[in-house]
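Per Swiss-Prot, the features are as follows:
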BINDING   D85, D87, D89  Mg(2+) binding site
BINDING   C86, C102, C109  Zn(2+) binding site
Amino acid sequence: MDLDVKEIIKNMNLKFRNIEGKKLLLAISTDKYGNVLMTAFMSEESLKKSIETGFMHYYSTSRDKLWRKGEESGNIQKIINVFRDCDGDALLFTVEQTGWACHEGYMSCFHNKIDLNTGKSTVVGNKLD
């Protein structure tokens, strides 16, 4: 018999941290090759929605609300796997990315390479159409 989502989350042994007055944890999404696509925060509610639907939901601290990845752009993330870090305050998701992950039009949000000698950044990768 399958457990309900609240029981699943309880069994994950997570430690939601107080971030900007909300109980959140860090969520990292990668593609099937391990390339980092993005990081965002998750609330217990967004984690619950992610488990229930099989698609990534996050918590936006700037908009103070839950959001489904791709709800406006169509660039959704279907969950393949999830891993918990050793402290229980971060989750690593392997996802099937439709379109690009970054709201700036890049596959990854990590497209600004920093030169540690100057602090200046260079864009790596191409914008996707």
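Every residue, even glycine, has its Cβ placed from backbone N, Cα and C.
Note that the coordinates shown come from a computational prediction; the quantities given were computed from them, not determined experimentally.
All features noted in Swiss-Prot, drawn onto the structure.
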| residue | record | Cβ neighbours (10 Å) |
| --- | --- | --- |
| D85 | Mg(2+) binding site | 14 |
| C86 | Zn(2+) binding site | 6 |
| D87 | Mg(2+) binding site | 10 |
| D89 | Mg(2+) binding site | 15 |
| C102 | Zn(2+) binding site | 17 |
| C109 | Zn(2+) binding site | 17 |
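A Cβ within 8 Å of the Cβ centre of D85, D87, D89, the residues given for Mg(2+), is found for these other residues of the same chain: K15, L25, L26, R84, C86, G88, A90. D85 (Mg(2+) binding site) and C109 (Zn(2+) binding site) have their C-alpha atoms 21 Å apart, to the nearest angstrom.
Look at C86 (Zn(2+) binding site): DSSP puts it in coil. D89 (Mg(2+) binding site) sits 21 Å from C109 (Zn(2+) binding site), taking the CA atoms of both as reference points.
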